[in-house]
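Report on the following structure.
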Amino acid sequence: MASLEEPLAPRPQGPLPAAGDEPGCGPGKLRPEPRLSAAGGGSAAGPGPAPEWPGRGRAERAAPPRPPLSSAGRPSPAGGPGALSARGGGCGWVAARAPLALAFSSRVPSSSPSFFYFWPPPPPPPPSFLPSSSAFHLPVRLPGREGAAAAAAAGGGGDAGGGGGGGQEAAPLSVPTSSSHRGGGGSGGGRRRLFLSPALQGLLLPARAGPRPPPPPRLPLGQAARRAGSPGFPGAGPGGGGQTPRRPQGASFALAAAAALLFGSDMEDGPSNNASCFRRLTECFLSPSLTDEKVKAYLSLHPQVLDEFVSESVSAETVEKWLKRKNNKSEDESAPKEVSRYQDTNMQGVVYELNSYIEQRLDTGGDNQLLLYELSSIIKIATKADGFALYFLGECNNSLCIFTPPGIKEGKPRLIPAGPITQGTTVSAYVAKSRKTLLVEDILGDERFPRGTGLESGTRIQSVLCLPIVTAIGDLIGILELYRHWGKEAFCLSHQEVATANLAWASVAIHQVQVCRGLAKQTELNDFLLDVSKTYFDNIVAIDSLLEHIMIYAKNLVNADRCALFQVDHKNKELYSDLFDIGEEKEGKPVFKKTKEIRFSIEKGIAGQVARTGEVLNIPDAYADPRFNREVDLYTGYTTRNILCMPIVSRGSVIGVVQMVNKISGSAFSKTDENNFKMFAVFCALALHCANMYHRIRHSECIYRVTMEKLSYHSICTSEEWQGLMQFTLPVRLCKEIELFHFDIGPFENMWPGIFVYMVHRSCGTSCFELEKLCRFIMSVKKNYRRVPYHNWKHAVTVAHCMYAILQNNHTLFTDLERKGLLIACLCHDLDHRGFSNSYLQKFDHPLAALYSTSTMEQHHFSQTVSILQLEGHNIFSTLSSSEYEQVLEIIRKAIIATDLALYFGNRKQLEEMYQTGSLNLNNQSHRDRVIGLMMTACDLCSVTKLWPVTKLTANDIYAEFWAEGDEMKKLGIQPIPMMDRDKKDEVPQGQLGFYNAVAIPCYTTLTQILPPTEPLLKACRDNLSQWEKVIRGEETATWISSPSVAQKAAASED
């Protein structure tokens, strides 16, 4: 027995070399590799010293670094066991050390090699050593593959690398046995031994014979990978035709045969107690660490071994079982998608160029057709086409036009008609009709296209790739036609995929550009609307400024040369305008000239038709349209090419027409221009409507001012009237009668203003108001009472007298402000009464009902009172402080509102409850307000407390006003209530009886309870009630006899 013992060598520094880069590396010869350290680094090498490499070879630098793999195919820790640098094709030379690892590369692309590692422990010590200066080679018979088979030693060993063998060449395992050899023991791991029997030494040592082959030529990684395994390439796989010298193969064939038999037995019979042939092989020469997973991995890398074995040794029944088991798996498992074509650097460059073009056009706002042409040029380069043609849809979308880019002298691109969209003509027409991509290898031999491409150079074209250009919403906008000339390779599926992907991306990108442009336009439009709004509110009356602003932006919105705006006169059925675009600019803005207004019939011209129909007209060629009036161009010398005419609609009616003339950039106004203009026209309609409405308001305001001036003249008293009142003195005989509740002011009409002045002075003092202002105020109030049957000036003075009588009999209960406010409130409580009830005004939507939803007339009375107080020389409360002024106005307001009979019922009920429970407190302001409200109702109804003849005459006046309202309701087809129906005048006594019992008697009863001095009002009301009962019974007396208390007071007053 021979033994081998060698020391561990230090690890060299520097990166690993590539396959074939170092000298002396090739088939049949060990390639120097970096040594492994004791922890797993370093390498194993063949006999002789190996140089330290300063860097990797070209192929190694070209390929990305890959981590070492574990025995299960997973990456191992850097520098750990299993680190591999073996490369080559077919079988490879492997440097063997203890422990050893075998690695095999699969037939997969060179960009992603896979290796399999064996990592056995060291064998037990053998009885003998090999000579220290020798190394043995283990030829292992493995089928030739494109990937390399390598074995590497780790821990105490290194990795191995070798070129591929050719044909059926065996892959020898080389075990260096001398410390002078590169690839000796690793550093830091002590000394290790490898023991082999003499029989094995005799079997293995003959493999050292024969010279080593020269190294393969240096090639780039990709080229080397393609040439590996090809005929004539040194180190090729099976049948490669390499020049590798053959070695003695007796031992190799014997071992390979034994391995195949044992391995086949395991595959056929399944797992057994005996190890597989491959495991036995490793147990004999390497270690017992081989597993079933490693065998499976090896077979996946070398499927031809399994193919040979299955075809020779496995029965058909067993194969059928395998197929059934395979088919039972889920059909949803899909193979990984091939994405390599989308990782091509050529396509990445195309995408970068497309991005660049899109960004440029997005910034400059270039035309989409020119942009598509430039993108098509990039796709031409990507597909290596000899040329291309770009088609766009013609008018009505039923024909194609070939796009010709602008030349040096030409300023604009051109669209040349190429023919209709139909099958049986050209390739482009066929694709436009079907909207499907078409690849034609020989266009001249295809009977579907008798006209071929339709291009002038069509005779030289052989292969054609034609693709539709479709927008994101599915609309066809063009056709891209790529072609190659005769003698060139035809387009293939990969070219179609590249062109389709890039064109689809370009379509989406252009759509995004259009969206961005739309957003930019929308932002610009929003800014304009804000600007117009600012202009409108800053100078709302200047409608000409607004129209000019609208026309300026309308031109910029659609990029038009001229603009005109006509307003519609529906009354005369005419269009008119006095603001015109003269084509000049000042400080970068168009100049509009205001001239004499021109008018023309709505039946003439394009603008007239738009005004009549309300439809948008987009005319690409004005002279081809019979509706266009050429006389305008002849008169002005201006040439009209195209027109976009838009109606301005407000409330379903056309109020104006905006006409854009001549698109500056482009052949005609586009659909996008129409859509933007429609949105703009909506705001124009709003702005014009508001401007016209404000104009009408201003006109109405002027009329209102003139009317108010007239009214003020007739509603304000003259100086003679108020000066005469200042000189008035009440007769002495009336001074006593005024103090009575039943005093009738009827016979003293000329004295009514003087009577009120007297009552104010008696109740509030002579210095409470300035006499001049008081006289002005009273006489103006008199003028503002209308001549209606009941709610007139007489009624106002009568109510004021009743309040004066109550205040005089309860003088200490009320403050000076309250007395002033209540007397003025009674005088003004029916100011400007129209003779109609609140229900009538609300039912027929009177303007007063729109102003005041509740207590309509009462709120109007208070408003009129304040208006008179605000007149010059009429503010009788001017001497009061600010707080007192507010208090007295609030007293007047509450008092006047309380005269609404609808509020009376709730107010009286609350007061009755408070009186019965003893909770009424006149020091409480809310209670006080309720009492004042009840006093105002009692004064308003005081006609029922007068002497019977006065009461009866007043009732006639009341019913005259009611019947007048009923007559108006009948005119409108509405049946009035009986109280207002003139035809039911016989029911008046019954109505009065109900009114007394429901309203008057309860009112005066509660008032008497709260203010006992007002009892004469209750007694007089009851006397009149008895008179109405007599009328109903037909017992009315010719002469009215009052109750003793009232008669006595009347006699006393006469004395």
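Quick reminder: no glycine exception, Cβ is built from N, Cα and C everywhere.
Database features (Swiss-Prot):
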type     : residues       : note
ACT_SITE : HIS791         : active site, proton donor
BINDING  : HIS791, GLN992 : 3',5'-cyclic GMP binding site
BINDING  : ASP830         : divalent metal cation 2 binding site
COMPBIAS : 79-90          : compositional bias 'Gly residues'
COMPBIAS : 154-168        : compositional bias 'Gly residues'
COMPBIAS : 220-231        : compositional bias 'Low complexity'
COMPBIAS : 232-243        : compositional bias 'Gly residues'
DOMAIN   : 542-688        : domain 'GAF 2'
DOMAIN   : 718-1035       : domain 'PDEase'
REGION   : 1-90           : region 'Disordered'
REGION   : 151-193        : region 'Disordered'
REGION   : 205-250        : region 'Disordered'
*Could you give the Cα-Cα distance between ASP830 (divalent metal cation 2 binding site) and GLN992 (3',5'-cyclic GMP binding site), in whole Å?*
22
_Whole-number answer please: how many Å between the C-alpha atoms of GLN992 (3',5'-cyclic GMP binding site) and the residue listed as 'active site, proton donor'?_
18
*List, in sequence order, the same-chain residues at least six positions removed whose CB sits under 8 Å from that of the residue listed as 'active site, proton donor'?*
TYR785, ASP830, HIS833, GLY835, GLU961
*Mind giving me a neighbour count for the residue listed as 'divalent metal cation 2 binding site'? Other Cβ atoms within 10 Å of its Cβ, every protein chain shown.*
25
*DSSP-derived helix, strand and coil totals, residue by residue, for the domain 'GAF 2' (542-688)*: 52 helix, 58 strand, 37 coil
